[in-house]
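Undergrad: One structure is given below, represented as structure tokens, and several questions about it will come after.
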Amino acid sequence: MPGVRSLLLALAGVSLAPAVLAADASTDSSDVHALKTDTFKDFIKEHDLVLAEFYAPWCGHCKALAPEYEKAATELKSKNIQLAKVDCTEEADLCQEYGVEGYPTLKVFRGLDSHKPYNGARKSPAITSYMIKQSLPSVSVVTAENFEEVKSLDKVVVVAFIGEDDKETNKTYTALADSMRDDVLFAGTSSAELAKKEGVSLPAVVLYKEFDDRKDVYDGKFEAEALKAFIKSSSTPLVGEVGPETYSGYMSAGIPLAYIFADTAEEREQYASDFKDLAKKLKGKINFATIDSKAFGAHAANLNLIPEKFPAFAIQDTVSNKKYPFDQEKKLTKQDITKFVEGVIAGDIAPSVKSEAVPETNDGPVTVIVAHTYEEIVMNKDKDVLVEFYAPWCGHCKALAPKYDQLGSLYKDNKDFASKVTIAKVDATANDIPDEIQGFPTIKLFPADDKDKPVEYTGSRTIEDLANFVRDNGKHKVDAYDEKKVEKDGSDVTGKPKDAEAPPKPSDAPESEEKADKEHEEL
């Protein structure tokens, strides 16, 4: 495990790097450093840890992020963690160098040669928590003197009690910490005395948390996968709260999520209390969480509930994306909810499927998919299937439409090509789909005989590039592009990277991708 000194320095916010002048010449009081091409690389070199935002002034999501990013910068400044920003409309080459494809893009830098994307919630507490974890060693060494302080560094802290000579167990724990350091703060000690004080003996793992029973002791075998499952389960409250900071965690948990929609904090507190015993009984099988229906009521439509009719309850299978809405004419009683949840888990209750009507004819160049035909068309094992997931209000989708039709014609008009490749599209706001869609348009290729490994398209949206993508990634290697058969192709129809976060939320449909007047917030 790393030395104690590195942890103490990080806790104290002491800088190990030389002091540098602010990279921007602005005279405002912002704690976010505005970087340009000629200052970016020096700034990254001179700081151990930097979170950089690549943005565009016209981007609506960037504007929403700005105050949260500023709060996080101020909070992290005392810990010598720097937050910076780059305007990609002015520094296009720099943004291209770092693979920026959408706005905002956030990347964590540890020097110029080590950077990775930040994919967490775009809220100050989430950014702050994440960056503090990044500033510490993957496993922080604790002693009797700093133990209480380390336990309170984050909402969840995992501490291992392992003897120094137990090399194999130390190796397993360190590898686990490396793989989960983005989500959880890990610490460790070899002190048998400290272990005894905490009621355990070497080797042991204890998870400390700010909620429920405050701590959980792991009692299984010291194996990575079992430990990982324990940490994921124990770090989730019995009845939590769905919001921007927690949503992605629930979605990646690998088990269903039961939503409890209610308008007031008092109602949500009462429901959390009512269903706590059920949540405890089913822990590890399903997560329970309340959700503020005044702030996030639009999300109810994604679960096939009627928006604005609250309180409400629904279950979402986070793996298959199947939805199970509870009858909104009924009250949320312990008895009825228990029966409903157990029925869903047992497979006795069928999922609700939102689908447009199946088209009477489907003879156009692009095959139209609805939820009821998704399996039949996309999962056809004999064909390479390219699918555009779109939203009717999406400007980039509208711009792509004529080119996508021309692309479809290249295959549809050739009998041999048509037998091997399908070019298709689905309105992801009007149909339940099993795929996780983060922005519009999203284009994926489902190769023949390899449907569980779809390939997402991230290139420029020209007919030639799309056709070549199908050729290069499809099983049949169909080379359909013929410039004589298409109108002037031109360049990428977007003209600029897409505003990357436009999740499929029907009732949130904005008038444009850059600006949206929405009654509800986004998760």
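The backbone N, Cα and C atoms fix where each Cβ goes, and this holds for glycine too.
Swiss-Prot lists these features:
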- N170: N-linked glycosylation site (CARBOHYD)
- 478-523: region 'Disordered' (REGION)
- 520-523: motif 'Prevents secretion from ER' (MOTIF)
- R122: site 'Lowers pKa of C-terminal Cys of first active site' (SITE)
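Tell me about the surroundings of these features in the structure.
TA: Other C-beta atoms found within 10 angstroms of the C-beta of N170 (N-linked glycosylation site) number 19, with every protein chain shown included. When secondary structure is read from DSSP and collapsed to three states, N170 (N-linked glycosylation site) falls in the helix class.
Within 10 Å of the C-beta atom of R122 (site 'Lowers pKa of C-terminal Cys of first active site') sit 23 other C-beta atoms, taking all shown protein chains into account.
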Undergrad: May I ask for the distance between R122 (site 'Lowers pKa of C-terminal Cys of first active site') and N170 (N-linked glycosylation site), taken between their Cα atoms and rounded to an integer number of Å?
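TA: Each residue's Cα considered, R122 (site 'Lowers pKa of C-terminal Cys of first active site') and N170 (N-linked glycosylation site) end up 34 Å apart.
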Undergrad: What does DSSP call R122 (site 'Lowers pKa of C-terminal Cys of first active site') in the simple three-state scheme?
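TA: The residue in question, R122 (site 'Lowers pKa of C-terminal Cys of first active site'), is coil (DSSP, three-state).
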